[in-house]
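Listed in TrEMBL for this protein:
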- Arg48, Gly49, Ala50, Arg85, Gln188, Asn239, Lys240: substrate binding site (BINDING)
- Cys149: site 'Transition state stabilizer' (SITE)
- Asp229: active site, proton donor (ACT_SITE)
Amino acid sequence: MAAPFPVIALERPALRVLDQSRLPHEEHWLTIGDLETLEEAIRSLRVRGAPLLGLCGAAGVAIAAERDPGEAAIREAAARIGRVRPTAVELATGAACCAAAVLGQAAEERAAAAWAFCAAYLARRQAEDEAIARNGLTVLPPGDVLTHCNTGTLATGGIGTALGVVRAAFAAGRLARCYVTETRPLLQGARLTTWELVKSGIPAVLLPDTAAAALAASGRVSAVVTGADRIALNGDTANKVGTLGLALAAAHAGVPFFIAAPVSTIDPGCADGSAIPIEFRSAEEVGGFGGQRWSPDGVDAWNPAFDVTPASLIAAIITERGVVRPPYGPGLQALVAHTPAGFGT
Ligand SMILES: CSC[C@@H](O)[C@@H](O)C(=O)COP(=O)(O)O
């Protein structure tokens, strides 16, 4: 199952990305040829999703190397891109791994080497997604599924992680429809996941975030599957805010809750979820959307972009290298022990 449509293109000396902030109404491609434009695109979620951010991190190094292939410039670019959003570990590791790979080359070869690294990274990502989908089918019970945020092609460049599992389950005739939360405040579910599912002919049912607990309790879904931005070594998992609520609702309803993510999402630097940095975003994103305000001026907001679901609520973590079940410590340790940081295969 190949990626159903392109979302990113490596066109040395620039990166081209589908601007996700304009979907689903407009399919507009951005050309990114400098670090400032890349930083803005990441900060504004024109490109987003943990695995795709990893590739953007690496591409940031390639873009910087075009201008200055010196060691200091490359190291500075990797650090700078890695800081733009703090929660998805792959943004920083993608940039750092690309920098480490090219610094082993002569200066005049570094830009070409960085673009080659990016191409290999994308190909590996696509293969990982397919393996995650295959492994997901071994644990997903038959029946319809609820997912959150966007974990599809837009988030990885491949078939997706959690949404890749959904795609595979639909192709195998194991689910008839995918329930999608709207994913307030930036509506990745309502705008992006529904767009992908409709494009692929997979029946999508959109629900307000506030209806998710009722859906789980209704018996309509046999599983909840989401992606991850960072997984601690004990299995605690950071993902789009609202994931914790879904996992709690699923536990209450007796519905299994699964995480689907590449091994590169596991952070050996985080012993548990308390060590995962959480991105907070502006009050404006809660009080309005797309230029329309619905809250009065002067209202503050508590707006974390991610939350941490404790390992105890997760039935299994589906990776490209196999399915890890609780207790997560030994299984996750074994996966990262055999994987250089940022490399899932
Ligand atoms: C395969 S994508 C996994 C996660 O990155 C996804 O679930 C998510 O939380 C994305 O958040 P976003 O803020 O849209 O980048």
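Using N, Cα and C of the backbone, Cβ positions are placed for all residues, glycine too.
Structure with TrEMBL features highlighted.
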{"residue": "Arg48", "record": "substrate binding site", "DSSP class": "coil"}
{"residue": "Arg85", "record": "substrate binding site", "DSSP class": "coil"}
{"residue": "Cys149", "record": "site 'Transition state stabilizer'", "DSSP class": "coil"}
{"residue": "Gln188", "record": "substrate binding site", "DSSP class": "helix"}
{"residue": "Asp229", "record": "active site, proton donor", "DSSP class": "coil"}
{"residue": "Asn239", "record": "substrate binding site", "DSSP class": "strand"}
Practice item. Around the Cβ of Arg85 (substrate binding site), how many other Cβ atoms lie within 10 Å? Please give the count over every shown protein chain. Key: 24
**Study point:** Distant-in-sequence Cβ neighbours of Gln188 (substrate binding site), under 8 Å, six or more positions away
**Key:** Arg48, Cys149, Asn150, Lys240
Check your understanding: What is the separation, in Å, between the Cα atoms of Arg85 (substrate binding site) and Asp229 (active site, proton donor)?
Key -> 11
Revision key, fill the gap. Fewest C-beta neighbours within 10 angstroms among the binding-site residues Arg48, Lys240 belongs to Arg48
Review point. Which binding-site residues from the list Arg48, Arg85, Gln188 come close to ligand 1, meaning a Cβ under 6 Å from one of its atoms?
Key: Arg48, Gln188
Check your understanding: So what sits near Ala50 (substrate binding site) in its own chain, CB-to-CB under 8 Å and at least six residues off in sequence?
Key -> Ala88, Val89, Glu90, Leu91, Ala155, Gly227, Ala228, Asp229, Arg230, Ala261, Thr265
Exercise for review: Note the Cβ centroid of Arg48, Gly49, Ala50, Arg85, Gln188, Asn239, Lys240, the recorded substrate site, then list each other residue of that chain whose Cβ lies within 8 Å of it, in sequence.
Suggested key: Leu53, Ala88, Cys149, Asn150, Ala155, Gly227, Asp229, Ala305, Phe306
Study note, to complete from the structure: Quick note, Gly49 (substrate binding site): same-chain residues at least 6 apart with CB under 8 Å of its CB -> Asn150, Thr151, Leu154, Ala155, Thr156, Gly227
